[in-house]
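A.B. asks: Below is a structure I'd like to ask you about.
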Amino acid sequence: MVDSQYYLPNDIGISKLDCREAFLLLSPQEKMYSHYLSRAAWYGGLVVLLQTSPESANIFVLLQRIFRKQKPEQLEQVAAEAGLNSEEYTAFLVYAAGVYANMGNYKSFGDTKFIPNLPKEKLKALVWASQAFQEQPAEMQALWDSCSHLLYSLEDRQKQLGLGDKGITTYFSGNCCLEDAELTQKFLDSKKLSAYNTRLFKRDNGGKTSYEVRLASAVLKDCAVEGECSSCCGSFTFEDKEFTVKRGDYAPLMEKVCHYLQQAEAYAANDNQKKMLEEYRRSFTFGSVEAHKEGSRYWIKDKGPIVESYIGFIESYRDPFGSRGEFEGFVAVVNKAMSERFASLVSSAEVLLPELPWPREFEKDTFLKPDFTSLDVLTFAGSGIPAGINIPNYDDIRQSEGFKNVSLGNVLAVAHATQKEKLTFLQEEDKDLFIKWKGPSFEVQVGLHELLGHGSGKLFVQDDKGKFNFDKSKVINPETGEEVSSWYQDSETWDSKFSTIASSYEECRAECVGLYLCLNKQVLSIFGHEAQDAEDVVYINWLSMVRAGLLGLEFYTPESKSWRQAHMQARFVILRVLLEAGEGLVGLEEVTGPDGNPDARITLDRSRIRTVGKNAIHRFLCKLQVLKSTADVEGGRALYDKYSTVSDTGAHNFLRLRETVLLRKEARKLFVQANTRINGDSVELVEYEGSQAGLINSFTERFQDDAEQLEADLLEMSKNDAACWC
């Protein structure tokens, strides 16, 4: 009997991401622009297969070949004849949908592996009976042989993503450990190179260790090529180790991305969009993060576009070291009514920022008013879809040039819809209120989290000329009462300095800002909440956070004492802080459920939120910011690790509570997205139903133009590095 956390349940929620209304309001030019950007995003999104696990690309191709020949409804009869019952066939469809939605066989939220919930011999029988196998038996058998073992394997190391013996990663070759990652980060810093678009391969050359840093690019040559002044590639010696910087990772996919970005350029609305796309193309052609940064600068200048997009190696959550970006690309249409509320929040930002609990010197010198829009997603390619985004992630740009915030409205609309009977760990009397206000309160939290969470706070930096961006003789650390004694050097970034805890720590800081500022009546009023409704929104926002902290235990691995999901670790930390505040603010008790199994009950005293709760978050948030501003890695780690610890001692047995959470967990929803296609001189929206079949069909039709070449390229890229993961 396989532990249920390693497969997706047959009744998993699958929702259609509806963007029809928004798409139909676009002009013909905007539709063309959206179409080509979407194509670039979808092809780029396939990179994630190669960034996730050694077997992901092969599994993807196996599924594509089966479903290109027979749609799920046609395959059903074949499955029955091959001996699968209806539960087993549904389990196969759910697995396929899961691989497509996560772009690989590890959950994008939580990083655990999932395997098909049917016997291996049954799945093999179905593959053998499929039309794809009948037409190409040798190729299909070779494909099955290349991935079937890992497809089902649940050896300890393969249960989750991680570095070295802690898990599986394809950002690093299988022989790399944390020390290799740290040494390489120092090397990259010395060369002023970003790790965002790289992978690391360690080689043993006759007893001498060497490292290959591989950049994602369409160009394969390492020398400077046309359109480039110089190349960062070459061989270098650093701390007695050989380093080679090479190009050409994911080259066929990068080429496709560049091709479609060039097509989109013809339909750009203005010069900023054109220049942005030119720079993105330069980035993906040559493997240049500097070009991507330049494109991001034009993107920030493109204020209030009707069609919003971003593409590249963006979020570093899944790199075990925390500095390599997973590829993602999104295309979305502005929701004007909701965006007006966010614009009001931006206008109030300069009044709200001084409310935050750190001294003025720890805040940016000037608040660079960002675009903040609510978007309906047309395309979101990558491993998963967030509810809100604050980008770019480049510290130097965010600190001095600005950023943009987006809230994804049609994702919010379906992501948090839940049935009362599936609401775990709450008192009965809280459930109706929770269902009523969960959506509106999350909207407020996302707005504050993205704009004033990720958008706030200053990093103290000394540049390469020795100049400081703060007055070293006057700024006092409020935690010690002494002058600031640490800061970032010119080439250091938040991610490179705080590495493995950077993502979760920053999410925790942003979540705390949301909790803290949602108590502000002006903020609640901007979102249309007054009087009792406003108080209910505050209560449910805080209750959601406390509950999320408990649910976060699902994403903790006791064997390796590690967290697999940045946001959920952050929420657990906040739960610990609020429990520690005492005075009856938060209650957490273990009980027996109506079904006779272990359960838990969370309570929150709403009368103490504005006193006990606010004071606790005030103190904790100030500490988080001061440690971040001053690059105090040691202090930051000590604080964050203390609250992240999951043990069976103390007032609450969190290891036992984790078992209860796993027993009662609800699987995360999968989303079905539309496709666009050109018909004559117009663009059509092709929609699919919110089901396993709908999700599967959307993917087979998405890549039908060049399916065979694309699949051959994926298999070739996978095969080229196969020996590196052992």
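First residue shown is number 1, and so on along the chain.
Keep in mind that glycine also has a Cβ here, set from the backbone N, Cα and C atoms.
Features from TrEMBL:
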- His449, His454, Glu507: Zn(2+) binding site (BINDING)
- Glu450: active site (ACT_SITE)
A.B. asks: Which site among His449, His454 has the most other CB atoms no more than 10 Å from its CB, taking these as binding-site residues?
C.D. replies: His449
A.B. asks: These are the recorded positions: Glu450, Glu507. Which one scores highest on other Cβ atoms within 10 Å?
C.D. replies: Glu450
A.B. asks: What Cα-Cα separation, expressed in whole Å, is found between Glu507 (Zn(2+) binding site) and Glu450 (active site)?
C.D. replies: 10
A.B. asks: What is the set of residues, excluding His449, His454, Glu507, whose C-beta falls within 8 angstroms of the centroid of the C-beta atoms at the Zn(2+) site?
C.D. replies: Asn390, Glu450, Gly453, Glu506, Arg509, Ala510, Glu511, Val513, Gly514
